[in-house]
Structure formats: structure tokens, C-alpha cells
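Here is what Swiss-Prot says about this protein:
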type: COMPBIAS; residues: 162-184; note: compositional bias 'Polar residues'
type: COMPBIAS; residues: 277-298; note: compositional bias 'Polar residues'
type: DOMAIN; residues: 44-126; note: domain 'SCAN box'
type: REGION; residues: 162-199; note: region 'Disordered'
type: REGION; residues: 272-298; note: region 'Disordered'
type: REGION; residues: 414-433; note: region 'Disordered'
type: ZN_FING; residues: 312-334; note: zinc finger
type: ZN_FING; residues: 340-362; note: zinc finger
type: ZN_FING; residues: 368-390; note: zinc finger
type: ZN_FING; residues: 396-418; note: zinc finger
Amino acid sequence: MALDLRTIFQCEPSENNLGSENSEFRQSQGPAVQREEGISEFSRMVLNSFQDSNNSYARQELQRLYRIFHSWLQPEKHSKDEIISLLVLEQFMIGGHCNDKASVKEKWKSSGKNLERFMEDLTDDSINPPALVHVHMQGQEALFSEDMPLKDVIVHLTKQVSAQTPREANMGTPSQTSQDTSLETGEGCEDEQDGCNSSLKTTQVNENITNQGNQIVSLIIIQEENGPRSEEGGVSSDNPNNSKRAELVTARSQEGSINGITFQGVPMEMGAGCISQPEQSSPESALTHQSNEGNSTCEVHQKGSHGVRKSYKCEECPKVFKYLCHLLAHQRRHRNERPFVCPECQKGFFQISDLRVHQIIHTGKKPFTCSMCEKSFSHKTNLRSHERIHTGEKPYTCPFCKTSYRQSSTYHRHMRTHEKITPPSVPSTPEAS
């Protein structure tokens with residue numbers, strides 16, 4: 001900010017004329033401009049002074065800036081609020097959105113140099129609103145302000161993708177209520193798979209845009225000239241009057257920020273005759289990884305050329321999984337591998353999400369409170385399970401004996417009694433009552 005203000009002082013002095021300082025600055029440059037042959041005596045003097053006086057040039061520069069700012073802000077006359085108002089106004093004028101500086105200065109003077117009155121009289125006629133950027137990623141698209149950080153744009157669109165992925169995966173299959181599809185899993189959610197952990201409690205940036213199912217490797221950002229959005233069939237960058245391509249960022253360049261997002265709590269498919277696990281995880285985003293990305297934490301689900309879903313079968317049991325990360329997490333249970341260890345109590349877990357849930361217990365925090373009885377819980381899913389006591393809801397139904405349960409842990413405990421007598425025709429997903 002200091003550099004921007006310095007530029008203003010050198011090129012366009014503000015209302016409090018800094019003639020003396022600018023004159024001093026011009027005089028200091030005069031000898032260097034007037035002498036054209038060789039290195040001037042003044043230049044040699046400045047160079048020697050810089051080399052021999054232990055950063056005296058830096059001190060002189062700081063002192064000069066101090067005099068300029070002191071003369072402009074006049075702290076002996078102005079209060080802190082007035083000084084802040086001057087800085088805010090100057091930054092507003094050099095921020096790039098002000099299109100009529102003369103009008104803004106006139107309104108500033110007419111307001112008595114009072115920021116509150118100035119803001120009341122200020123209209124949008126004197127500024128250029130931020131341009132809109134049309135972003136298309138993984139079949140999702142939305143308009144964002146050009147001032148919005150790219151990281152926030154990716155987070156919004158990734159959440160939008162994840163909000164649609166569970167709905168598409170669950171079409172035509174009975175599923176449990178959405179009360180158990182959140183990131184904050186409780187101690188009762190012991191059967192969730194790891195490797196793809198994410199919060200599914202998200203809000204779509206633009207609910208009018210549907211997922212077109214295109215597996216796009218890159219993030220396409222198209223500049224919009226504050227005009228209407230393009231057709232929903234895709235993003236068109238052929239018309240220079242409506243939009244222009246501003247940037248192309250590959251998904252691989254963003255993998256550091258995206259791979260850190262976690263996925264949880266979406267039902268998974270099982271093989272015929274197997275007991276279902278309604279709280280298995282599912283990837284939040286459909287980012288297409290390159291074939292040589294061996295360090296990916298979750299292999300993206302993809303369809304074949306004929307739309308056939310690829311599946312992964314466990315070699316030790318008949319269970320089948322949609323995603324490789326689910327299979328790997330499941331195989332750790334067969335081997336009883338618990339690589340994720342709590343540093344405080346040394347308890348091991350099959351998946352990182354279970355460890356994160358467990359670590360909340362050590363903090364002693366219980367941020368989730370029941371609205372009916374004021375009882376507090378450390379995890380949101382525990383609160384939801386508790387609330388079912390008040391509502392009487394039992395969303396987990398046994399497909400064999402039609403017995404309903406409030407908690408998934410009780411449901412799974414009951415299902416183990418049927419595990420050895422499961423008929424092949426029984427559906428793999430429990431019905432939610």
C-alpha cells in the first residue's frame with residue numbers, strides 16, 4: 001500500500017499539496033538528469049555514500065517517506081479516524097475501480113472530509129464494478145467476481161460437484177436420510193471407509209446449473225464483460241464480444257488444495273447377498289487424475305466407453321466397491337491394520353477420518369446442543385442421533401425382519417445376526433423409514 005501511495009505522490013499529488021517534498025525529490029534528481037557525459041559526480045557520491053555508510057540510503061528513503069506521510073496525514077491536527085479515512089479514500093482511488101477521481105474528490109470535500117457522510121452520498125456511477133469471471137470446472141459452471149481468490153472459486157465448485165455426486169449415485173436406490181451424510185461423524189459411525197473424506201453439507205453456488213457429467217481435466221476461466229451467462233450446454237469462448245478466455249489452470253496444478261478436501265458418509269454399493277453399509281464414503285469431486293498420479297489419495301470414479309461403472313472386488317470377501325480407495329480401506333480391516341494413531345492416547349484407527357473424529361474428544365469441546373433438552377455433544381451426528389429420541393424417528397430398517405433403529409451402529413449390530421443367512425434376493429441398502 002505504501003508503494004501505491006508513493007506512486008500517487010510522485011505522479012498525482014493529493015489535495016494537500018506536497019510541493020515541498022516533490023520539489024525536494026526533483027532537486028535530488030536534477031544533477032543526474034543534467035549531466036550526460038559519463039558517471040556524474042553526484043552519482044558517484046550517492047554510490048559511495050550507499051557503500052560506506054551502512055545502509056544510510058535505506059534510512060534516508062525511510063525518512064523521506066516519513067516526512068511525506070507526516071506532512072500529508074498531519075497527525076498533530078487529525079485524529080486517528082481522520083487519518084484512517086484519508087488512507088481509505090486514497091486506496092479507494094488507486095484501487096482500479098474508480099472511474100471519476102475528480103467527482104470523488106469533490107464529493108469528499110463537500111462531505112466535510114467525513115467518511116460516513118461521504119459514503120452516504122457516494123453512488124455507483126463513479127466506480128467500475130468488478131468484472132465477472134465465468135468459471136467452468138468438472139461440468140459445473142458459475143459466475144464469480146474477478147476479485148475472488150482462485151482457491152475460493154475451486155472450493156465452491158468442488159462443493160457443487162460433491163452435492164450432485166451423491167444424488168446421482170443414489171438414484172433408484174433407497175437411501176438413509178440426509179441426517180447422517182455430514183462430515184461431523186460420531187463414535188457410532190464405525191463402518192465408514194476412508195481415503196475420500198469430505199463434507200457433504202454444502203450449498204451449491206448456482207443451483208440452476210446441472211452436472212453435465214463431462215470429465216474435464218482442466219479448470220477453464222472465461223472473462224465475462226458483465227454480460228449474460230452463456231448457454232447451459234457448455235462454456236463458449238468463440239464469441240469475443242461476450243467473453244474471452246482469461247486463464248487455463250490444469251487440475252494437477254490445483255491438486256495440493258483439492259486433495260486436502262475430505263469425503264464421508266455416502267452409501268456404497270455391495271455385492272449380491274452382502275450386508276450393506278449405508279454410511280460408506282464417496283468422493284466429493286470427480287476430478288480426473290492423470291495416469292501417472294500414483295500418490296492420489298482417492299482414485300476418481302469413471303465410466304467406461306459404454307457407461308459401465310468400474311467396480312473393485314475384495315479378494316477375501318464377496319464385497320464389491322465403487323472406488324479403489326474404499327477397497328483399500330476395507331482391506332485394512334481384514335489385515336487389522338490401524339495406521340492412523342492418536343498422538344495423545346495411542347489408539348489406532350483404520351482411517352484418518354476416524355482419527356479426526358476421535359481427536360475432538362480430547363479437546364473436551366461440545367459445540368452441538370440439543371434445542372429441546374439443552375444437552376451438548378461433541379459431534380453433530382451424535383446430536384442427530386439424540387434428536388431422534390425426541391422425534392421418534394428410526395431411519396435404519398432391517399431388510400430381513402423390518403425392524404427399525406435410530407442409530408446406524410445398532411442397525412449394523414443387528415445385521416450381523418443375519419449375516420450367515422442372507423438370501424441373494426435381499427436388497428443391499430436399508431430402507432429409511
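Keep in mind that glycine also has a Cβ here, set from the backbone N, Cα and C atoms.
Among the recorded stretches 312-334, 340-362, 368-390, the one sharing the largest number of Cβ pairs closer than 8 Å with the zinc finger (396-418) is 368-390. Each residue in the zinc finger (312-334) gets a DSSP state, and the totals come to 11 helix, 4 strand, 8 coil. Break the zinc finger (396-418) down by DSSP state and the numbers are 11 helix, 4 strand, 8 coil.
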